[in-house]
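Asks: My questions will all concern the structure given below.
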């Protein structure tokens, strides 16, 4: 090698030395850091195991719902499982090598070097796989309904995973659309064969391929309709599923029973009865999915069909069986209600309002509880395929076959009529039919007039939808409908309300939506009204007579663009009003002296107030709306004691919204407000002086609760604070404010990425939170201490200072004597919760939950365990570095008096580094005499649970569960070097199960 004389020798020597030293340093680092590499690898294994299991479960759900799982996802899952297995094998080999030399502490340097290099590569691989998983936005294609069937494992399936019989006709449709000779493309086939869903798939394919198709794409059950009436020259037939396709669809719901020898003959019978009709196959499969052998036989016996029965009879018998299997009359009533609405996709909100009017929900249920109950019933109907899923999580639709079945068969005891355009006028219906009719729907049919009066004494629900046409409703039209509970007159132009309205004493829901009506005042006589909707109507004024509706629970004034006046005192008179909708309504509102009801402005809401207050206001705001800056609204805000704000887009501080600083406000909930930086920006002697609860969610620019020093009266009554997804918050409170919160009982901080401490320390001395009973901290990657450490006492050594800084609760800084429940989840920088040197009083702690705290190595030292002697429930999960739960070593553990513990439940899950539950025999130190339940899952390094001498103290143990502990040698281990006195047989006298 030659050396350039122009280069200084010293410089050259340093370059050579650097070239030599850096690799040597790296190799040496591999040797001395092998234990650190092992811990890091365990952590990554834990994280990726969770992600792989989550994806596995999602894939199973998708397949059970006949969705096509993307190959990218299945490939990722295979790679993840392979990488995890290799990582576990590597860790096991390293552990074996550790035991074989240096007295079981460390293997030889060469082994350590080889392990660390491999571990480093594996850590990078697992991290990369975890990143890839986080990028999955969806794992499967759109969920097809029972006509367009996704193949679960079909080698013959082509074209995006659908069965060949469906792929074939889809190709024909695409070809027909591409043929310039066709202006109309049609598909025909029997009901339930999957025509509509097939077309949805074709439309999706057209959008994906960006094909411009200016042609009509139609479906019908009748070929002649497509040819003769719609001008389709060559309609395409969608036939039944082929035998093997039908079997695969059936198997995707009922699972491996199809291959069971006992079930095989019954499978053949079931599929024969379904005749290749996807709708029936899914119905049958859901009926049989959870049944045993006798259950299958019973269902098939009930479905005994004659040879001459057509497909219509088969459909009705199958649906009747599904209908009969529904538990609860309320679910059946909901299904009938869906059909009465006259459309395939009923509005969830309309169903709630109709259901309340018909009394389908308990009287003591709030509107929000009614929505939750309805959503539950919808899921029940979807599980039985009597309702189908439709897109989003809340979407649903009803199949034509189900609508026809309910209308013709299931409604015998509760008859109703849904007028179709091809039907004759109502005047031509039979009188007997009308007399027994309980519900009627006219869904946007072309009607010129209504008869003077119809005789419908049983009518409870009357729906009439028009496209804003003038229609004269005779004064006597509703005379006979004394039982009417729900009346919807959407889009009808009315000059005055019919006189017969006054007779409707049982009317609970009235929806004159989108109509012109001048005589609003007359509606004040309908004293039983609970739901009143004027949405999209042209009313100018809400008169004082509306204040007489003291039973009213919901008032909808959305999109009433001409509304100018709400008379003073109207809202205050509606003492039972829970919800008020005012989106895109009124420009001038005479609202002086209004007292707000429990109300909301905007669209559908998904939560309700947990507080019983006299004036609660819920506002879901349009970002473009400046309604909160109107003086009349601010007057109402100052009188409110429970305020829920969603969608704020204007003020920087919440306090700017009130003229007086919210003097009466007790409960404040703010979410989705990108403009909000502070709750209180400037000092005020009146601001929030009565506030008891504060909830802040999804405020992406929220920095601090208080911008500067505040008055001692603000927040002084605060009992509960909960902050979630406020990504710019670093500190919850300055300590100067914490000291002024003597009534604070609950703190919850969740998913705040920059949060580094609950309180920011100052020179003001110790913080005492004497009433704090519950502390919940979740997914806070930056938090390490409850309070920032501040300056340590001068007498402290540097070692003690470092130890103090690593402790979450420092007893020298904070006192929390009343704390009962503590939850710490997803705190990766949490190293030590409490220490001997800075013990914190825990005399009332009853429940402790630790989840995903990857840097935590020990949970309790002796002093903290003694301090928390009332603890009855301890749960530790996915804390990958925890090696011991109870560290009973140290000077405090040398006494002769045993401390009784009230611990009853101990659950340890996915703790791969856990080697010992107790560092030494607790007998004589701490007595676990009340332990009744112990659950240990996925603790791969744990060798035993109890020492033999402990058994006598575990007389109350009833439940013991141990799973996935590969190195478990024994439940009870004899102490080495100790002669344990036993009676020969170790007993758990109250033990019930394991």
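The first residue you see is number 1, and the count goes up from there.
Placement of Cβ uses the backbone N, Cα and C atoms for every residue, glycine included.
Those TrEMBL annotations? Automatic predictions, nothing curated.
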Asks: Among the residue ranges 45-72, 73-100, 101-128, I'd like the one that TrEMBL describes as coiled coil.
Replies: 73-100
Asks: With Cβ-Cβ distances below 8 Å as the criterion, list the same-chain residues six or more beyond the ends of the coiled coil (73-100) that contact it, or say none.
Replies: 34, 38, 41-42, 44-45, 48-49, 51-52, 55-56, 59, 106-108, 111, 115, 118-119, 122, 125-126, 129, 132-133, 136, 139-140, 941
Asks: For the domain 'Disease resistance protein At4g27190-like leucine-rich repeats' (618-753), what does DSSP give as the number of helix, strand and coil residues?
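Replies: Helix, strand, coil within the domain 'Disease resistance protein At4g27190-like leucine-rich repeats' (618-753): 19 helix, 39 strand, 78 coil.
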Asks: Of the residues in the domain 'Disease resistance protein At4g27190-like leucine-rich repeats' (843-966), how many are helix, strand and coil by DSSP?
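Replies: The breakdown for the domain 'Disease resistance protein At4g27190-like leucine-rich repeats' (843-966) reads 16 helix, 42 strand, 66 coil.
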